[in-house]
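Notes follow once the structure below has been shown.
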Amino acid sequence: MTTETGPDSEVKKAQEETPQQPEAAAAVTTPVTPAGHSHPETNSNEKHLTQQDTRPAEQSLDMEEKDYCEADGLSERTTPSKAQKSPQKIAKKFKSATCRVTLLDASEYECEVEKHGRGQVLFDLVCEHLNLLEKDYFGLTFCDADSQKNWLDPSKEIKKQIRSSPWNFAFTVKFYPPDPAQLTEDITRYYLCLQLRADIITGRLPCSFVTHALLGSYAVQAELGDHDTEEHVGNYVSELRFAPNQTRELEERIMELHKTYRGMTPGEAEIHFLENAKKLSMYGVDLHHAKDSEGIDIMLGVCANGLLIYRDRLRINRFAWPKILKISYKRSNFYIKIRPGEYEQFESTIGFKLPNHRSAKRLWKVCIEHHTFFRLVSPEPPPKGFLVMGSKFRYSGRTQAQTRQASALIDRPAPFFERSSSKRYTMSRSLDGAEFSRPASVSENHDAGPDGDKREDDAESGGRRSEAEEGEVRTPTKIKELKPEQETTPRHKQEFLDKPEDVLLKHQASINELKRTLKEPNSKLIHRDRDWERERRLPSSPASPSPKGTPEKASERAGLREGSEEKVKPPRPRAPESDTGDEDQDQERDAVFLKDNHLAIERKCSSITVSSTSSLEAEVDFTVIGDYHGGAFEDFSRSLPELDRDKSDSETEGLVFARDLKGPSSQEDESGGIEDSPDRGACSTPELPQFESVKAETMTVSSLAIRKKIEPEAMLQSRVSTADSTQVDGGAPAAKDFMTTPPCITTETISTTMENSLKSGKGAAAMIPGPQTVATEIRSLSPIIGKDVLTSTYGATAETLSTSTTTHVTKTVKGGFSETRIEKRIIITGDEDVDQDQALALAIKEAKLQHPDMLVTKAVVYRETDPSPEERDKKPQES
């Protein structure tokens, strides 16, 4: 488009189009203002010139000529085209703001960001400055007018989030990785260590004296390197901070431990630091002040597995993400809707009172982000549409599954970075593919502070391991080489958060006591692919790597779908997924078992660190009622030689209870335990491969398999009942006789949380409050007699055993907490005599498989036997 110039053309245009006069006059009299801001004089001038449009054309000509002298390109200003923009927008310059970010090492980073820039722009600048690629675990925080910490939303403009004039931010960890060893790069672990050290110093991560010393020694090793007698003299750690109340005794203990580390690089020291810190009860818990319905001050903690409730620094409840149907807030109230249990009809809503509306919204956002990051495979897109009920806020970053996949693709040399006060080993050594074993001092338990979500059952018992306790199971961990199944199923790897490894020791102690009770010296923690000599090692010996060569962490294997370690199977045709070598070894071991005539209890050490069903913390009161008709009470505690003399040549390897764990229907599997999976229902078909797949799932619970010969003269009618306390008392006469003997086989190997309440047989142990009930079901009973080949789960032979199961569930609510007692009565009958010890142990094992989170408190057995033909002949003769 061309523009006419000169006085004649301007006069002509001004006379023809008088509406252009106000615009030209306004352009002359109004100073240039920033874009988006209108000067008040402009509006007044426009209004004045519009009302009085009687000025001659020569005045506009003079004004426009004056504008030509003042600015270039005025011809565009006088063109009548509506497509032309004002000169203010043409001359617009983007304004920038100075951002000051406090990093994790207490240094500050300043940068210029566009004033209308989004939070993601600033976050990317900080991560680029830090040379950080695994940045999804981190975030930026700022303080509002109430000095409350808020997370900077990367999808919104910065100026709309922060109101204060100086833009000050802090770079912190937003999502604490459940397993820091899976981080790919040393620099990521280094910044995580800095965050944890800051949490410990400020008291947000409480721990004991021993833990302070252990973590402090690794921090010193990472910063100062190996101990040097010439350089490190006196109290050389006094300048470093390790605890909120640092004492001389703590510093001396740290120096003693530091002297023992030789040749440990800073990267290795940081890995040991993180391996211990992740077991702390408050690791990764974001606390928020609130009040409950009664107005009592509580703390709401948000973590990877769900929502935690604390009162007086003690965790009183836990709601896992799969149990939460909906989270919402209204004004200053925060609500969570809980999924109904198996025996409940409606959902329940729990409300909390927060200090103000902003606090409720802040907590709601944190819950949304944590749930999306740790539980979902990909972030949920925000709702679209003009009218949308509720907030449109959604987490917009990458989830943990996506960031692990992206981290596996990182292929760059280990970045160089200088640690805070490091005097040696400043070059970060890449640990990709390297294996390390944690020293004995790492096996410390941390019970200080509120109970965290990874330690669900052991925290109530209050046990504390020493830092050099036996039984530490730690196998090598690979850092960079992530297996495909670990990447594609990230949610299953979350399950290991629920229980730490100290639960393993309690189960081992239970096995030891069971071993003494049954006079069996060879009760061991057994791996499927070990040879028999290694299976006879002590239970405290560490586990060997898995056959596949994958990193075998007891906490991680509970969530991954691997083969079961149960050995209750006779020699049979190899299943498609089994190995030829494994099958041969299994047959040889079966022969050894039957030859020794021993009651061997097989258990896998990693199966003890199983994640419990997310929010189910009730315990079961199992009553196996023992009443003997037609014979005197037979002592369960008699030694194995006595049992061996009563045995005949007929042999069996026990009953295999195929199980089907039913959970609430959800798009998400339980974050800490029973999961809805297509593999769970595999036992409904009678083919052998499906049955094998069900056995492969039993690794996620404590597996207890028992082999024994059958007693010819007795038929066992075993009833594992689950009932109310009144029903338990109904079987008290027989229960009292049973509990006078020490057959702790029934409960000692299954109890994980409470004290030994089995020796007293009067009543049940104290209940653990839990919000919901466990949903389980026994689908089929598969008898395996002798060496017959299992062809159908319903195959009937002359020796087939039949069962009938009756379940009673009693639930009481006290003070907002529900107590659940399940009494399950199992009656086993058959044409063949049944080994009472074997059937009892298998019944208890099946109960534990169905209710992994609940405690078996009582087991009593009724035994009914029909008189033998000789006895029938004797009775008429005597009469």
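Residue 1 is the first one shown; counting continues down the chain.
Placed from the backbone N, Cα and C atoms, the Cβ positions cover glycine too.
Worth saying up front: this structure is predicted, and the values here are computed from it rather than measured.
What Swiss-Prot records for this protein:
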type	residues	note
REGION	1-64	region 'Disordered'
MOD_RES	T30	phosphothreonine
COMPBIAS	38-50	compositional bias 'Basic and acidic residues'
MOD_RES	S75	phosphoserine
MOD_RES	T79	phosphothreonine
MOD_RES	Y343	phosphotyrosine
MOD_RES	S378	phosphoserine
REGION	428-501	region 'Disordered'
COMPBIAS	444-501	compositional bias 'Basic and acidic residues'
MOD_RES	S461	phosphoserine
MOD_RES	T475	phosphothreonine
REGION	483-541	region 'Spectrin--actin-binding'
REGION	514-596	region 'Disordered'
COMPBIAS	514-538	compositional bias 'Basic and acidic residues'
MOD_RES	S541	phosphoserine
MOD_RES	S546	phosphoserine
MOD_RES	T550	phosphothreonine
COMPBIAS	550-577	compositional bias 'Basic and acidic residues'
MOD_RES	S564	phosphoserine
MOD_RES	S578	phosphoserine
MOD_RES	T580	phosphothreonine
REGION	633-687	region 'Disordered'
COMPBIAS	635-650	compositional bias 'Basic and acidic residues'
MOD_RES	S639	phosphoserine
MOD_RES	S665	phosphoserine
MOD_RES	S666	phosphoserine
MOD_RES	S677	phosphoserine
MOD_RES	T685	phosphothreonine
REGION	718-742	region 'Disordered'
COMPBIAS	718-728	compositional bias 'Polar residues'
REGION	744-879	region 'C-terminal (CTD)'
MOD_RES	S868	phosphoserine
With every protein chain in view, what's the tally of Cβ atoms within 10 Å of the Cβ of Y343 (phosphotyrosine), excluding that atom itself?
12
Note the mean pLDDT of the region 'C-terminal (CTD)' (744-879), expressed as a whole number.
55
Just to be sure I understand the packing, how many Cβ atoms besides its own are within 10 Å of the Cβ of S378 (phosphoserine)?
10
Rounded Cα-Cα span from Y343 (phosphotyrosine) to S378 (phosphoserine), Å:
33
Which of the three DSSP-derived classes (helix, strand, coil) applies to S378 (phosphoserine)?
coil
